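These features come from TrEMBL:
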ACT_SITE  His233  active site, proton acceptor
BINDING   Cys241, Cys244, Cys265, Cys268  Zn(2+) binding site
COMPBIAS  59-73  compositional bias 'Polar residues'
COMPBIAS  85-97  compositional bias 'Polar residues'
COMPBIAS  419-428  compositional bias 'Low complexity'
DOMAIN    103-366  domain 'Deacetylase sirtuin-type'
REGION    1-100  region 'Disordered'
REGION    380-428  region 'Disordered'
Amino acid sequence: MNRSSRNRKVPQPPETRLTRSSRSQTRHPEPAEPQDSWQGPYGKQRRKQPDSALAQDLSLMSVSRPDSTSKGTMSAAGSVPMQGCPSSESTSDQIVPSSFPVKSSSQSSLLSVARLVKLGRCKNILVVVGAGISTPSGIPDFRTPGTGLYANLEKYNIPYPEAIFNIDYFSNDPQPFFSLAKALYPGCHRPNYIHYFIRMLHHKGLLLRLYTQNIDGLEKVCGIPEDKLVEAHGSFATASCHLCYTPYPAEEAKVAIMTDNIPTCSFCAATVKPDVVFFGEDLPQKYFLHTKDFPKADLLIIMGTSLKIEPFASLVNTVRSTVPRLLLNRHAVGPFERVPLRRGDHMELGDLADSVRRFAEILGWSGEIEEMIRSQDKLGIPPVVTNGPSSSETEDVKTSRPGAEGSCSEDTDSETDSKSSASSRASK
């Protein structure tokens, strides 16, 4: 062998680096159909069909829409249209016309998925959540017109809404983010029924992992263990210099921010911020657990997210193509905007807290969740915010706060989600 060829360095692959982005730059493609196939009598490859019971379960693809059809036309009063699903013999690109007569069922999606859980078909459940799961706790989401956080940023005089989470803009003017942080800091709000539903999944031994975009920390407050939680966009639990990354005491950073002061690094004098992932910053190392988790999943539940922020939004496309996906949301988002839906996809559209409560009732978990909430109260956890019996969509959310009210920003009073369907009440 030539000496020069022996000494030549083998080029190393570049290190993987993922940053938070508001644009769809790193979308994962939807997984291909599994390769298990057999040779037909005429030489044509045909996919093996799953066992008949599971095929029947997965074919119950249904959509519950409270106020409109998939084409955006208004439905008849009192009816809830359900989108048809092609049978196992029909082609995957067949589209159901909007005028096709379909029976309606207000709980068909929940019933279909609950049946799979009860049959023991779903033992590794992944949950993907966004800001919508925290709106019943009084924390507004980001994009709801009129009530979302981005709609209330005029007073900060920022060039565009997402700039409040832009690291370069923060370096130039940190005050807008700190003003927002006062409303989001853990301790100002309480977990709600949705958080405890997810914890019940863990209690039942079914939760593989919870992937959250939220930075409010309510998942931890309600008792979901650290090893079951991936905070993809960071949290307020730690703080560091945004320039040199020197760690900074998180409590000292909180005190400074709550008193309208700017914490500064003792090493380089740059501004300190909580370790919340801004646009352009690297995602936490724990995020990469998804490479192992999503191939293992046998059910994916997606709740309260617009699926707009990459690369988080594309995670929902990385489960196996045979894995059922359930969207609980106010609107169809991401791959659930496709017509027709992928076989095995289910949607329940409307108020999220109401949908989760009905799902728990179908599973027979309501009493256990209520008992879990009472147990948390006895352990000194702040009372949970739960959905009241009323289903009126016009009632405002009544936010209860922990005893230390003075530590929270007063801005949160005017930023509660007016679209939540029921008044919140504190469990006693």
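Each residue, glycine too, has its Cβ placed from N, Cα and C.
Annotations in TrEMBL come from automatic prediction, not curation.
Most buried of the binding-site residues Cys241, Cys244, Cys268, judged by other Cβ atoms within 10 Å, is Cys241. Taken together, the residues of the domain 'Deacetylase sirtuin-type' (103-366) have an average pLDDT of 91. For the recorded Zn(2+) site, residues Cys241, Cys244, Cys265, Cys268 set the reference point as the centre of their Cβ atoms, and the other residues of that chain within 8 Å of it by Cβ are Ser240, His242, Leu243, Tyr245, Thr246, Ser266, Phe267, Ala269, Ala270, Val272.
Note: Cys265 (Zn(2+) binding site) has non-local neighbours Cys241, Leu243, Cys244, Thr246, Tyr248, Thr271, Val272, i.e. same-chain residues 6+ apart with C-beta under 8 A of its own C-beta.
The CA atom of the residue listed as 'active site, proton acceptor' is located 25 Å away from the CA atom of Cys268 (Zn(2+) binding site). The Cβ of His233 (active site, proton acceptor) has 22 neighbouring Cβ atoms from other residues within 10 Å, across all protein chains displayed.
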